[in-house]
Amino acid sequence: MAIGGTLGTGLFSGSGEALRDGGPIGLILGHIVMGLIVYSMIAALGEMVIVFPVKDPLIEYPARFVDPALAFAFGWNYWYALWVFLYARCFINSSHCRYSFAITLTTEITAAGMMGTSFFPTGFRYIGFRRQYSCQPLSRQVVYKTATKIATVAGAILLGIVYISGGFPKQDRIGFRYWIDPGPFNQFDDIPGSQGRFLAFWSVLGHVAFSHQGTEIIVLAAIETENLRKKIPKAIQAVIYRISIFYVGSMTVAGLLVAHNYELLGAAGAGAAAFSPFIIAFRSINGDGVAVVVTLGSFIIISLIPALSSHLYAGSEVLFSLYSYENENGPLAPRCFSRRARNGALFVGIGITAVFGLLAYISTKGSLERANEVYEDFSRMSSISVLMTWWSILLTYIRFYHGVSKKVGIDRNMFVYKAPYQPWLSCFGFAMITLVVIFNGFEVFLRGEWSTSKFISAYISLLIFTLCFIWWKISQRTRFVKLDQMDFETGRSELNPLHGVVEEEKNVNSVGKSNNFLQWAREARKSGASGWWTVGTRSKTGPRKSQQATPPSQLDEIPLQTHDASSSTLRPPTDCPAHLRPL
């Protein structure tokens with residue numbers, strides 16, 4: 001669900017704008033840096049979730065390890081980030097549809113408008129109010145569509161490589177032509193030297209954050225799965241592969257397809273779809289852009305469903321978590337968000353989150369130039385709000401890390417999963433997010449570049465987060481949680497890593513992999529009758545003998561030994577490890 005919700009139109013639509021501002025190398029570096037930030041966040045969050053798989057982790061952790069006011073601000077900011085991202089995602093999908101049909105099939109403009117304003121809202125309602133009613137059908141459909149989505153993205157990358165290599169008829173080999181002229185970096189606002197190149201790279205970070213949004217949704221889904229101690233580390237590894245292959249790989253191809261100074265990148269009235277270098281390049285394959293309809297149209301329809309499903313799911317869960325969080329001053333959200341359907345779906349939260357997404361289709365009826373401005377503003381707002389979400393998670397983990405180090409009797413080395421390179425990796429992500437959030441709107445302060453809409457979109461998310469924190473802090477008089485006051489007992493996992501049970505489990509697993517003792521124990525249980533077990537042991541010189549074994553209630557006392565009735569002595573099974581044999 002996390003891959004399906006984040007790998008979508010934002011990867012391709014936002015890439016053109018980022019390529020225009022930063023150049024190909026700036027675009028690649030931006031995704032690498034943002035990928036490190038995302039990895040630091042998801043690794044830290046995964047460690048906390050495995051140790052404390054509580055009901056509402058994204059609300060519980062900030063309140064337990066930092067301040068209840070941070071939990072209030074975090075929860076509402078996260079929901080705000082989800083619906084703004086939902087709005088931007090619906091907007092760019094509708095704009096893609098209208099642009100593609102209007103450019104490629106001029107006689108079908110009316111049909112394009114009908115598809116943009118009728119088909120997608122109908123599908124939106126279907127997704128939001130039917131498929132969300134059942135978690136199992138939703139998960140199966142998301143898995144199927146995500147697999148198709150990954151195949152589509154991989155196909156686009158391969159098609160781009162063929163295009164760069166000159167594999168299409170009547171087309172020259174491009175290679176690294178655009179990295180030589182106009183160059184690998186863009187000079188931001190025509191500022192010369194390294195200063196202009198650095199500002200170009202810095203401007204890319206806000207764009208690429210929009211593409212990575214939704215990675216944290218994996219935690220909400222993992223809480224409802226079985227054996228999350230094994231699944232979460234695998235999911236974190238999947239995030240690394242997704243960043244390295246899909247994001248860095250696709251952006252490398254995008255930087256080779258189109259020059260960063262191409263006039264259609266960011267051109268007024270060109271349409272939101274023109275912000276994708278893949279579309280710009282593929283339009284020239286079959287003349288009148290038939291490839292655009294085939295590749296882009298199918299990709300949009302495929303990518304829309306898992307993306308909207310995951311964000312509607314997360315939005316409803318966040319609203320319910322705000323209500324259900326046990327707080328001495330009452331819930332953090334109205335009671336209506338706890339209402340469920342017969343099968344457990346949070347239909348009120350789904351409906352409230354979905355309503356804001358439907359507003360996106362109203363905005364596409366205006367001019368394309370205005371549509372581009374709206375998309376840029378909402379994508380920036382969404383990027384900053386999700387960065388504030390990651391900032392809160394990393395701050396919570398840093399406090400958690402120092403609390404564990406100060407707590408007597410807790411050894412972090414006994415955790416099932418430890419986030420690597422801590423606390424330095426989390427400190428790096430925390431510092432980078434702080435700098436990006438503060439200086440993301442630096443271009444409006446340059447001489448002659450002031451824009452009220454850009455200033456508001458750059459800092460309104462930070463303002464909302466700060467006001468929520470201050471209001472709850474003052475009204476409820478919450479206190480900052482000290483290291484010695486942190487609660488490390490409530491909600492801990494059943495196999496508690498804080499008390500060493502997991503370490504014993506690791507030892508048992510390692511022994512089981514090196515011999516057949518566990519198989520012997522299973523056979524012993526299967527062969528039992530009337531509460532007693534009959535264990536068969538095989539001697540080296542004779543046939544299998546049937547002997548009476550220890551009853552189940554006493555098995556833990558003598559776990560590795562059987563009773564030989566003939567000799568009245570205890571002897572281990574033949575395949576028992578030497579270091580476990582009795583003296």
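Keep in mind that glycine also has a Cβ here, set from the backbone N, Cα and C atoms.
Here TrEMBL flags 1-483 as domain 'Amino acid permease/ SLC12A'. Under the heading transmembrane segment, TrEMBL lists 28-53, 65-87, 99-121, 142-164, 235-258, 289-314, 344-362, 383-401, 421-442, 454-472. Marked as region 'Disordered' by TrEMBL: 532-583. Residues annotated as compositional bias 'Polar residues' in TrEMBL: 536-553.
By the Cβ criterion (under 8 Å, sequence separation of 6 or more), the transmembrane segment (383-401) is not in contact with the transmembrane segment (142-164), since fewer than 3 such pairs are found. When Cβ-Cβ distances under 8 Å to the transmembrane segment (454-472) are tallied for each of 65-87, 142-164, 235-258, the top count falls to 65-87. Only sequence-distant pairs (6 or more apart) were considered; of these, at least three Cβ pairs between the transmembrane segment (421-442) and the transmembrane segment (28-53) are under 8 A, so the stretches are in contact.
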